[in-house]
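**Student:** Below is a structure I'd like to ask you about.
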Amino acid sequence: MRKGYLLIIALFLLSFISLFVGVKNISPLDLFHLTQDQQKILTVSRLPRLISILIAGSSLSICGLIMQQLTRNKFVSPTTAGTMDSARLGVLVSLLVFPAAGMLEKMAIAFAFALAGTFIFMKILDHIKFKNTIFIPLVGLMFGNIVGSITTFFGLKYNLIQSISSWLHGDFSMVIEGRYELLYISIPAIILAYLFANRFTLAGMGEDLAVNLGLSYKRIVNLGLIIVAFVSSIVILTVGTLPFLGLIVPNIVTIFRGDNIKKSIFPTAVMGAVFVLFCDILGRIIIYPYEISISLTIGIIGSAIFLYLLLGRNAHEN
Amino acid sequence: MMLDVKHVTKQYGQKNVVEDVSVSIQKGKITSFIGPNGAGKSTLLSMVSRLINKDSGDIVIDGKNIKDSKSNDLAKKISILKQSNNVNIRITIKDLVSFGRFPYSQGRLTEKDWQHVNDALHYMRLEDMQNKYIDQLSGGQLQRAYIAMILAQDTEYILLDEPLNNLDMNHSVEIMKALKKMVNELGKTVVIVLHDINFASCYSDHIVALKDGKVVKGGATEEIIQQPVLKEVYDMDIQIEIINNNRICIYYT
Amino acid sequence: MKTKLIILVTITAAIITLFLFIDMGGYWGYILTRRLNKILAIILTGSSIGVSTIIFQTITNNKILTPNIIGLDSLYMLIQTVVVFTFGANTLTMMNSNIHFLISVGLMLVFSALLYTFLFKREGQNIYYLLLVGLILGTLFSSISSFMQILIDPNEFLVVRDSMFASFNNVNTQLLLISSVSVVLIGLYFLRFIKYLDVLSLGKEQAINLGVSYDPVVKRLLMIIAVLVSISTALVGPITFLGLLVANITYHFMGTYQHKHLFAGSIFISIISLIGAQMLVERVFHFSTSVSVIINLVGGLYFLYLLLKESK
């Protein structure tokens, strides 16, 4: 329990710091006599950035948690199940077919693709006889690569490769007032996830057991996948790809909290937010006054942690 | 000349799965390893057959330590059949059995090698279906095919890890009879991990009882299938009746 | 078996002839040399990738994995991006191609060697760990390269982009020589391991039981795979799904488990698919796309189909 408090303290502390790191100098002391300039920076850039970090970090982590529960595999997440790549394909299609479409329409298309991709992945899982824990994320990543190759094919044809990859490259520095509000839509999805947490836990124990306990298994799984695809496509459109997030945060939390989602969903959300905040602040101060994008910091820290988890697990199992 | 296991230990993490085990396997007999789940039977068998490395101790086959032997030479001396063999290639029974000659032929089978393959097929009564693909076989037929392969490998020592798993009663009896026949007629030495103590009691000459990675007791079948020994191994009172000269354990009620 | 091989040889010969002599026009001497170079590059890449994928799938006992996924493709991209990022696009185009080739191949080999040694040290390792670790490192490499690519000037990015996609259009003659020599040498070294592969397809435990010294043999095979993949990638660029496509068509067409036949089949099938794709690029798409994009698209879709159809 003590750890829980530490986490919340860290969350507030880092949020606070996040508000005051940047090229334009604003110190906490200025809070009470802000100049107009400073006020503007806070409301147009710093606050939106903080809010989007908090929402993206926590909601993607929860997505990871749900996926891991539903597939009963600790190494599945939106990045290792083709969800992210499918959303990316959706973005490309929306750019190609409806170039004039607004953010909402783009999101709808990306969501449709993300959902379809995740369903196909689940379908593949159903068909695979060989359910090795390590093998399943491999299949997911391969599947992601395939979807990626379709994106590349059309992206190359219409010369959109660089613009797509810079748009979808995870980066909070582009988040300013008026460009991130879409993220708020993911909050209801996360609340829904919280309400259904118990049922996800049950579904995670397998279809037979879940049906035996009177749960409509298929519906719960579908609901989970819809939430995951929805949140992933929103995040990818507003901030870009945040690799590994949905993978490592839930893994760390379940080490301490066990697999009951009801118990672990809140710590997962907080931990996700703290983790992204930390990586973001790090990226902002390392080569100050320039920035390293969050994709890269999360990519490096995340893969290091993931490898640690993977190899640590290896040692325990044998 | 025999197979000697000397002070062998295997650790997984902090846990000793096999701890300072010493066993002598006599030639020309069937020796069974019995014990509850997690006793270390399969791990011990895998170490003897070099499938996994041991942490300490020695395994000596006919006077030669296995760590000083070449893998290919060992393959002519000792063979192992594990319980799970999920081969995902489409292959006929005959091809599978012919793999047993790999240690001798390195894939280029001579007339003599084929003779061994045909003998093995004949011995396991698989001649009629030798051209069937193994993915069409029932569990019992598949197990017979694997045993035929091991037979074609023509080793003195044959190790089997729970060969009766998932088999019907009649197929289990069939496999055990075949093993017994191999010992009596061909002079093989068979070491077998068994879950069912009654099969162990009816077919083996020697039994080694393991628990928590250690040997509780090893000896002739009549010495091991005794109420006090079984009590120590399985933590339950097992009644023993002699039926048709076999010591049968009754533990169902 | 023999008839199947004869069919493949015939098709290969026919498609090569077609490729060489179609639409010759004037300057036939020049065009023919260029086309011969392309064919040679295709034969080298095709056989390296076909054979290495089959070895890899036999070792991993799985028909849906490809050696490219252990991160070599992403590493290659990272090397190209770093060169452009730090020295500018001119360096990449001007640099002595032999040196560039050797650096790329060298780095990829060092990477694989480190990965293998690190993972083989851990006892009881599962080969899928190796793959997942490689894959994660691959993701890491790509996030570093994509970060750099955003910072690169769009004009210079075009140079990086060109190296992202395998292409046989501008194969360097100098490189063809060193790659051919290396591929032939590694092929000769590989010959002595062919006999183990049939046994390895029975699984690790059976292979050990039959007297294969599993760890040393597998380590060498993995190194052979790394060399073959690195050479073909450095020669023409990454073609992730070629191996997958070719290997699975080969299993299906040849219908055998014997590796000598599988290898022969896979070489011909890769050559046929690569030349086919190259002709599509030249005749249908008029160079607006690249071979690897077509192969990855077709290979990827075929693979997806396999995944969904299998075990029904």
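Glycine residues also receive a Cβ, built from the backbone N, Cα and C atoms like all the rest.
Checked TrEMBL, it gives:
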TRANSMEM  C:6-27  transmembrane segment
TRANSMEM  C:39-59  transmembrane segment
TRANSMEM  C:65-87  transmembrane segment
TRANSMEM  C:99-120  transmembrane segment
TRANSMEM  C:126-152  transmembrane segment
TRANSMEM  C:173-194  transmembrane segment
TRANSMEM  C:221-250  transmembrane segment
TRANSMEM  C:262-281  transmembrane segment
TRANSMEM  C:287-308  transmembrane segment
**Student:** Please identify the stretch among C:6-27, C:39-59, C:99-120, C:126-152, C:287-308 with the greatest number of Cβ pairs below 8 Å relative to the transmembrane segment (C:65-87).
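**Tutor:** Between the stretches C:6-27, C:39-59, C:99-120, C:126-152, C:287-308, C:126-152 has the largest tally.
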**Student:** At an 8 Å Cβ cut-off, counting only pairs 6 or more apart in sequence, do the transmembrane segment (C:262-281) and the transmembrane segment (C:39-59) clear the bar of 3 or more pairs?
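**Tutor:** Taking Cβ pairs at least 6 residues apart, the transmembrane segment (C:39-59) and the transmembrane segment (C:262-281) are in contact, with 3 or more under 8 Å.
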**Student:** Test the contact criterion for the transmembrane segment (C:221-250) and the transmembrane segment (C:6-27): 3 or more CB pairs under 8 Å, pairs 6 or more apart in sequence, then answer yes or no.
**Tutor:** no
**Student:** Out of C:39-59, C:173-194, C:287-308, which stretch touches the transmembrane segment (C:6-27) the most, going by CB pairs under 8 Å?
**Tutor:** C:39-59
